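TrEMBL annotations:
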COMPBIAS  214-224  compositional bias 'Polar residues'
COMPBIAS  239-250  compositional bias 'Low complexity'
REGION    200-255  region 'Disordered'
SIGNAL    1-24  signal peptide
TRANSMEM  82-106  transmembrane segment
TRANSMEM  118-139  transmembrane segment
TRANSMEM  165-187  transmembrane segment
Amino acid sequence: MASAALELMGFFLGLLGLLGTTVATVLPYWQISAHIGSNIVTAVANMRGLWMECVFQSTGAFQCETYNSMLALPSNLQASRALMVISVVLSVLAIAMASLGMQCTLCLEGSGAVKSRVAGASGGLFLAAGFMSLIPVAWTTHEVVQTFYQPNVPTSMKFELGECLYVGLASSLISMLGGAMLCVTCCEVQAGGRGRRLGGGYPYPGVPGPGARTTSQTYHNPSMQMGGGNAASRLRTTSHSSQSSAHAAQGNKKPTAAGYDITGYV
């Protein structure tokens, strides 16, 4: 029960990480123009993202322009695009596999350890997706901070950290946390199944092994299943007839072997 709850928590954390990664990939708030020094005019704000560059004016006008050529972009921007897209794709695949492998779903029911392995594989995909999205976020953050503190760069060309960098960082950590939870539940299920297989044995009466299927070992006499009263009367009649046979055997001249009936039936 605890592993199922942990799987659900990991699944929803991975789903939340996917939403945050998608938002950080699409929106242009990766770099925001810094208003410092002589650049204190806040009437215009420039924003840069992975796919477009936008300008926001104090009058409320918001204009965006996509990058015309992909090959003309800097190598770091191209790599950031590729890594973020790969992260989103891996998260989608992880959600699909987690829907098949979680204990609360009916898919792959009765397949044994395959279901838990599918859930563990989805956790690994969540971990890979979070790591993929963490690389461009950390890379861009390092470049923005490094450029901001360079004295030879004009103040109009300096940018600050945008909201998408914070969202991307949180989303990557959440995705990796959800993936780790799914992997932990997979390991717990595998360990529990291995213990059940090793602990199971022949079902001895009264001493069931851990994980072994208990079966009833009581023998029922067919002649005693007709009713409680009839069975008792038959037992009394049988005991009387056994005593009579014993007395008759004592008067017989032929020697007989001494013995007794352990079952109580004639």
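Counting begins at 1 with the first residue displayed.
Note: Cβ is positioned from N, Cα and C throughout, glycine not excepted.
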**Prompt:** Where else in the chain does the transmembrane segment (82-106) make close Cβ contacts, counting only residues six or more beyond its ends and a cut-off under 8 Å?
**Reply:** 3-4, 7-8, 10-11, 14-15, 17-18, 21-22, 24-25, 50, 115-123, 125-126, 128-130, 132-133, 135-136, 168, 172, 175, 179, 182, 189
**Fill in**
In the same chain, residues at least 6 away from the ends of the transmembrane segment (165-187) whose Cβ sits under 8 Å of its Cβ atoms read 3-4, 6-7, 9-21, 23-25, 30, 84, 87, 91, 94, 98, 116-117, 119-120, 122-131, 133-134, 136-138, 140-141, 144
**Request:** Using a Cβ-Cβ cut-off of under 8 Å, list the residues of the same chain that are 6+ residues beyond the ends of the signal peptide (1-24) and lie near it.
**Result:** 84, 87-88, 91-92, 94-95, 98-99, 102-104, 119, 122-123, 126, 129-130, 133, 137, 164-165, 167-168, 170-182, 184-185, 188-189
